[in-house]
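If you check TrEMBL, you get these features:
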DOMAIN    167-246  domain 'RRM'
DOMAIN    248-330  domain 'RRM'
REGION    1-24  region 'Disordered'
REGION    143-162  region 'Disordered'
Amino acid sequence: MISEDMATDHVNGNGTEEPMDTTAAATRSEHFQALLDAGLSQKVAEKLDDLYVAGLVAHSDLDERALEALKEFNEDGALQVLVQFKESDLSHVQNKSAFLCGVMKTYRQREKQGTKVSPVTKGPDETKIKELLERTNYTLDVTTGQRKYGGPPPESVYSGPQPTVGTEIFVGKIPRDLFEDELVPLFEKAGPIWDLRLMMDPLSSLNRGYAFVTFCAKESAQEAVKLCNNYEIRPGKHIGVCISVANNRLFVGSIPKSKTKEQIVEEFLKVTEGLSDVILYQQPDDKKKNRGFCFLEYEDHKTAAQARRRLMSGKVKVWGNLVTVEWADPIEDPDPEVMAKVS
């Protein structure tokens with residue numbers, strides 16, 4: 001552990017002659033005592049405070065949840081987590097508290113697998129990433145699981161509503177050391193990009209080999225498939241591109257037939273997040289009543305999956321009753337004539 005501290009001191013520029021720098025007390029931040037009061041050990045508090053002093057993270061960036069999670073580690077584990085956190089590229093991390101929690105989760109995964117915690121491998125060329133962001137004026141938000149470019153794009157590029165189903169493509173067979181500086185120039189040829197989400201391997205700084213790109217229009221997504229499927233992005237490396245059909249729609253039964261669309265929207269907004277629309281069908285012989293079921297449209301697959309889990313838990317009731325929930329076909333709106341025959 002001493003050698004690790006010494007290696008870290010090399011990086012911090014605090015001297016290399018002693019594992020414990022004698023100038024440390026003079027360079028503590030105003031929040032150092034708060035870390036001790038929170039229950040962190042002296043060494044862990046010092047290591048985290050070093051990051052404060054270096055300007056890599058601010059005390060206000062870390063919430064109580066992150067500090068509580070850090071306390072669950074033994075001292076050696078907490079120190080190694082902070083080394084990993086420091087060696088990560090935090091320049092585009094918006095939520096540093098969540099990122100630290102992700103590093104801790106990754107560390108535990110490595111421990112369970114018996115994998116040695118090694119230094120973070122080389123990530124993207126930050127100079128090229130900076131040039132890309134300056135050219136396009138897009139944002140980049142990095143978490144332990146993905147790198148999100150855009151979403152939404154600058155208003156100068158697109159100021160309309162969030163794109164719907166059919167505007168997203170799946171990109172596979174991406175070289176693991178390839179990043180936005182190579183992907184964006186390729187896909188923006190097809191049309192304005194809403195966002196590009198490159199999935200990352202939290203056990204390294206390499207990507208998982210796939211990404212999702214959402215365009216501002218369906219035509220651009222279709223053009224991207226034509227232009228980029230089987231494209232040789234590097235010598236001998238061909239990527240695969242297809243339209244993504246992530247499911248963001250739920251079928252919900254056992255709905256009171258007297259409820260209107262507005263009442264259904266209001267009720268489900270109370271118990272789920274990310275609801276964007278409700279598709280409702282009326283009874284053929286009584287337009288004032290619905291057919292006892294509806295389709296709930298969510299912002300994305302993640303919020304739809306979370307809503308499905310909540311509604312299926314048996315703990316959430318709608319108008320005092322449990323409802324039946326299934327995944328619905330996300331590709332097209334159900335045909336009204338077909339729905340008229342559903343009982």
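Positions of Cβ are set from backbone N, Cα and C atoms, glycine also.
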Where DSSP helix means H, G or I and strand means E or B, what are the helix, strand and coil counts for the region 'Disordered' (143-162)?
0 helix, 5 strand, 15 coil
Sort out the residues at least 6 away from either end of the region 'Disordered' (143-162), same chain, that have Cβ-Cβ distances under 8 Å to it, and list them.
92-93, 95, 98-99, 102-103, 105-106, 136-137, 179-180, 184, 192-200, 202, 207, 214, 216, 299
Counted with DSSP (H/G/I as helix, E/B as strand, rest coil), the domain 'RRM' (167-246) has 19 helix, 31 strand, 30 coil
Mean pLDDT over the domain 'RRM' (167-246): what is the value?
92
